[in-house]
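See below for the structure under consideration.
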Amino acid sequence: QSVAVCSWRSGAALRRFLGHEREVTKVTSACDSNRVFSASRDRTVMMWELHGTSGPRQRFPGHGLVVTGLAVSPDASQLCTGSRDNTVYKWDTETGECVGRAAISRNLVTHLCWVPGEPYILQTSEDKTVRLWDSRELQVAHTFPAKRHIQTCCDVSQDGRYCLSSSSGSSGEGAEATLWDLRQTRGRVREYIGHFQTTTSCVFLPGGPAPTPGIATSSCDSTVKVWDRDTGGKG
């Protein structure tokens, strides 16, 4: 029910934000911003300031069920939230006002992320699809080809060229991560297969000494795997 700010060097909790009445489901922040956002099973989203008080700076109530998706615009002025109630909301972070709402039948949102430098939001769903929303009118701009399993998580590369989604699965069936072309064909580029249970998250790794770009996935099979983005090979 709390949000902890930790030192990445020591792992020690530096401070803790309190305000939610049930478990926290998602936490996100915008680069170069001191604002942190949290979603909860209490059906609300809260905004906190890293250097402010321990209480919430802003509250965003409105969803009818647990909030499962959370994405903030690069300038932290807008917030997009999604829920198991089949809705996606857009909020003004300064006023707390809801400035957009969209509902799609069976669209149980599992994750949201904002495309860097663009007005688009990527969303995964229990209906096995990945959607790209235009945040300006809060309308679906593109729906990727449906997968065979629930899509559990998504991420977008820093250059905005590619996106990732991960799948549920069991006994080696499903549980793959999928790389999609976000700018040109908007088709499937590659799959990363190797987990034996649901893949719970997928992320693009920041650039480093590796000669090729990498991605990482985590799974209910108790493993984390690092992959070569371009070949699908495991590191």
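Cβ atoms are placed via backbone N, Cα and C, with glycine included.
What TrEMBL records for this protein:
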{"type": "REPEAT", "residues": "17-50", "note": "repeat 'WD'"}
{"type": "REPEAT", "residues": "60-101", "note": "repeat 'WD'"}
{"type": "REPEAT", "residues": "109-143", "note": "repeat 'WD'"}
Fill in the blank from the handout: Per the Cβ filter (under 8 Å) with a sequence gap of at least 6 from its ends, the repeat 'WD' (109-143) is approached by 26, 68-74, 78, 80-84, 86-88, 90, 100-102, 149-156, 158-160, 163, 165-166, 180, 182, 186
Problem - Helix, strand and coil residues within the repeat 'WD' (17-50) as assigned by DSSP - result: 0 helix, 20 strand, 14 coil
Problem - pLDDT averaged over the residues of the repeat 'WD' (60-101) - result: 95
